[in-house]
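Visitor: According to TrEMBL, the protein has these features:
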type	residues	note
REPEAT	71-104	repeat 'TPR'
REPEAT	113-146	repeat 'TPR'
REPEAT	197-230	repeat 'TPR'
REPEAT	239-272	repeat 'TPR'
REPEAT	281-314	repeat 'TPR'
Amino acid sequence: MLIADKEKFTPIIYISESTKVVPKRFLATLLNELLIFISRDLNSPLIALECTTTVLEKISTVYGTKTKEMADVYNSLGGILYDLKRYKEALGYLEKSFDIKKELGLTQTESAALSYNNMGYAYRKIGDKKKAFELYRKAAELRKSLFGENSLPYADSCFAIGSLFMDSSKNDSAEKLLRKSLKLYITHRGEVSNRTADCYGNLGILYSSIQDYKSAIEFHTKALTIRKKMYGELHLDVAGGYRNIGNTYSRSGDYSKALEMLFKAVEIQIAIQGENAISLISTYNNLGATYDSMQDYLNAIDYYQKALVICEANFGENSYTTAECLNNLAVTYLSMNDNQKALDCLQKVLSCWQKQYHPTHKRIGLCCINIGCALYKLGRKAESHDSFQKAYDILKSLGEDDENVLLCRKYLGYF
């Protein structure tokens, strides 16, 4: 039964009752796993978040506040906030978790390595890649000393650092680490495992980013095949596999194939969770992007607005996810020369992202470029120049040959 149906399933009551019947030695593990199950397996992070207050109270009462059990709950809470893309809040709870572990003398354990890894992920998503790498490296070094270079935990660190290198376009280093982690995952977990599928998926994204779409589709197809073997057709991870393949076809210009894959994903997501499922947000945005690339702007707007409606209903108007939808709408409005609508959306996006991201995050720079374009088309030249200059100052760390840096310089040359 889906937890998204609150009237039929009340996890808070289940959590409250569990303390009466579950032995103390099992209770913390059960409650932590339940939170992650609700958030990820059932794709209901908001409901999981509602449960955390009750879980924290139970753990505090049964185990105390400065215990490993409490540290584990803070770690789970950080994971739920990840799923909601509230990365700065997630980081706060992950740091609380690690502080408890330090007080308990657990800094040379896999639990500490996991904390380093999770905090690194939060910094990565915020856009502070230097801090992310520092924490990922600490996790890798600790795991290497504890388990060796051929261990599963070390493979997780290789995967994390490889994914970070992907973000920084360090493609050769990223591929080397992802292939190393893939080899270790197959050794330890076999070909049919979530970790192996994740690795194939990231290799697919990597090859797509360098426009080797044939290889990208091969890797994404391998990941999808694994998910189907594990779960069958009707599973959200399978829908995600179709979505990844669809996005790759879209990038390659094969729009009919892209739409076919993306609509398969939609069909699965609606069948599992209904027409207002959070999982539909990404797929509707992908459909919008595909139609935008086809210059079918009305369909693009339609799907972006569908995504926006679900976002606002689930996360509110000021969330990171809602800002992503508004940004997508703004780009299409720019293409349609509906510049005031584009500017209105982009100003909301910038306000949100400045709160969520590191000041030099690429997304803030790209948003400033788009704001500059909207202002220029509206005849507000001085403001437009300032926005392009701000974008350049943020993005120049990517290198003078980066396409977006070159674009900033081109636009600044208009003044």
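Numbering starts at 1 and runs along the chain as displayed.
Just so it is clear, glycine is given a Cβ too, placed from its N, Cα and C backbone atoms.
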Visitor: Using DSSP, tally how many residues of the repeat 'TPR' (281-314) sit in helix, strand and coil.
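Guide: Summed by class, the stretch gives 31 helix, 0 strand, 3 coil.
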Visitor: So which of 71-104, 113-146, 239-272, 281-314 has the most C-beta pairs under 8 Å when paired with the repeat 'TPR' (197-230)?
Guide: 239-272
Visitor: Should anything in the same chain at least six residues away from the repeat 'TPR' (113-146) have a Cβ under 8 Å from its Cβ atoms, list it; otherwise answer none.
Guide: 75, 78-79, 82, 85, 87-88, 90-91, 94-95, 97-98, 101, 153-154, 156-158, 160-161, 163-164, 167-168, 356-358, 360-364
Visitor: Do any residues, 6 or more residues outside the repeat 'TPR' (71-104), come within under 8 Å Cβ-to-Cβ of it, and if so which ones?
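Guide: Sequence-remote neighbours of the repeat 'TPR' (71-104) are 28, 31-32, 35-36, 39-40, 45-46, 48-49, 52, 55-56, 59, 111-112, 114-116, 118-119, 121-123, 125-126, 315, 319-321, 355-356.
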Visitor: Taking helix as H, G and I and strand as E and B in DSSP, count the residues of the repeat 'TPR' (197-230) in helix, strand and coil.
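Guide: With helix first, then strand, then coil, the repeat 'TPR' (197-230) has 31 helix, 0 strand, 3 coil.
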